[in-house]
């Protein structure tokens, strides 16, 4: 069984910095530590409200990341233009609401097909690999395929939030079927949102998944154990699930 990759999201290093308006901690420094510990890529989300990652972070990390930058953005002219200037390896298009604590659901590709297809083409023409953050629904997966985006990131939030065994099993099966279908129509499948050290293995065990993007759990663990160990422990759990 092939290995699975880990993209470490360092947004919440920036959250800690912005809480006091200081110049530290620096997400670029955190990205370097995460890479040294085995991260296969670094994910950052430049939100329209700039609540954590700032424009400067994006430009600095575009020059300092040694693995791959995955830039999450809303489908807006401002964000697409920033992506075109920065030229990260990957752009993941995500839904965004200013009042949300974190991304609450998947992108409605089926309902915004023309707009998302246009953004995907613009980014792809610039040599950027495009991923769409969507729920594991067949209609959304078909729409994602129609945009020409080569990647999807399956939203695992409902699974992560489930509290009963029945609900967990139901959400896990929903994701499993979505992942298999996405792979069957030629999409490269990533996954993420709400994954942590106690729920990651069943997702990582799905052999069709190429990469998991995980942030909050790793940064939270880093506050206790240090970032190097937090990344290594997550990567170990993921690889154990593939053994």
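These residue numbers are counts, starting from 1, taken along the chain as shown.
Heads up, the Cβ atoms here are built off N, Cα and C, so glycines get one too.
What Swiss-Prot lists as active site, proton acceptor is 45, 72, and the listing cites sequence analysis. Sequence annotations record features per position, and here Swiss-Prot assigns active site, proton donor to 193 based on sequence analysis. According to Swiss-Prot, the feature 3-amino-2-oxopropyl phosphate binding site maps to 9, 20, 194, 215, 216, an assignment based on sequence analysis. The annotation 1-deoxy-D-xylulose 5-phosphate binding site is assigned in Swiss-Prot to 11, 12, 47, 52, 102. What Swiss-Prot records for 153 is site 'Transition state stabilizer'.
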Non-local Cβ contacts of residue 194 (3-amino-2-oxopropyl phosphate binding site) (under 8 Å, 6 or more apart, same chain)?
156, 157, 159, 160, 161, 216
From the recorded positions 20, 45, 72, 193, 215, pick the residue whose C-alpha lies nearest to the C-alpha of residue 12 (1-deoxy-D-xylulose 5-phosphate binding site).
215
With every protein chain in view, how many other Cβ atoms are within 10 Å of the Cβ of residue 52 (1-deoxy-D-xylulose 5-phosphate binding site)?
21
Cα within 10 Å of the residue listed as 'active site, proton donor' is the criterion; apply it to the binding-site residues 11, 20, 52, 215 and give the hits in sequence order.
215
Rounded Cα distance, in Å, between residue 153 (site 'Transition state stabilizer') and residue 215 (3-amino-2-oxopropyl phosphate binding site) is 14
C-alpha spacing of residue 52 (1-deoxy-D-xylulose 5-phosphate binding site) relative to residue 20 (3-amino-2-oxopropyl phosphate binding site), in angstrom:
11
By the 10 Å Cβ-neighbour count, the most surrounded of the binding-site residues 20, 47 is 47
Determine, to the nearest whole angstrom, how far the Cα atom of residue 11 (1-deoxy-D-xylulose 5-phosphate binding site) is from the Cα atom of residue 45 (active site, proton acceptor).
7
